[in-house]
Amino acid sequence: MFQSTFFLVLMVCVATARFANKDHCPPNEEYNECGNPCQEKCDNGEPVICTYQCEHRCFCKQGYVRLTEDGECVPEEFCKPIHY
């Protein structure tokens, strides 16, 4: 009985968290049901090599990259080096 109740509560929590995030993405981000967790970042310029796996969460919009691993999404031009 405990296992079935625990499983039911767990499924409700997962479903709630999954659908609650769709409308609450930070600026310059959008929700993706199956996004690649290896996003471009300013500090590396390219995504790292990793296995493709679906992640359902907010990702940077087209033309934006992460400032840092868990940072905000900024325009790609923001990361380009300044030449003097």
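Glycine is no exception: its Cβ is also placed from the backbone N, Cα and C atoms.
Its own atom aside, the Cβ of C25 (disulfide bond) has 17 Cβ atoms within 10 angstroms in the protein chains shown. Here Swiss-Prot flags C25-C58 (among others) as disulfide bond, drawing on similarity to another entry.
Around C34 (disulfide bond), the same-chain residues six or more apart in sequence whose CB sits under 8 Å from its CB are C54, E55, H56, listed in sequence order. Look at C34 (disulfide bond): DSSP puts it in a strand. Under the heading disulfide bond, Swiss-Prot lists C34-C54 (among others), citing similarity to another entry as support.
Taken from Swiss-Prot, the feature disulfide bond covers C38-C50 (among others), and the record attributes it to similarity to another entry. With a 10 A radius on its CB, C38 (disulfide bond) counts 15 other CB atoms from all the protein chains.
Per Swiss-Prot, the feature disulfide bond maps to C42-C79 (among others).
The feature disulfide bond is assigned by Swiss-Prot to C60-C73 (among others). Applying an 8 A CB threshold to same-chain residues 6+ apart, the list for C73 (disulfide bond) reads P26, P27, N28, E29, C60, K61, Y64, V65, R66, L67.
What Swiss-Prot lists as domain 'TIL' is 25-79, and the listing cites sequence analysis.
Annotation comment: Swiss-Prot describes 1-22 as signal peptide, evidence class sequence analysis.
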Q | Per-residue pLDDT averaged over the domain 'TIL' (25-79), given as an integer | A | 86
**Q.** Distance from C38 (disulfide bond) back to C79 (disulfide bond), taken between C-alpha atoms, in Å
**A.** 17
Q: Check the disulfide-bonded residues C50, C58 for other C-beta atoms within 10 angstroms of each C-beta and report the one with the most.
A: C58
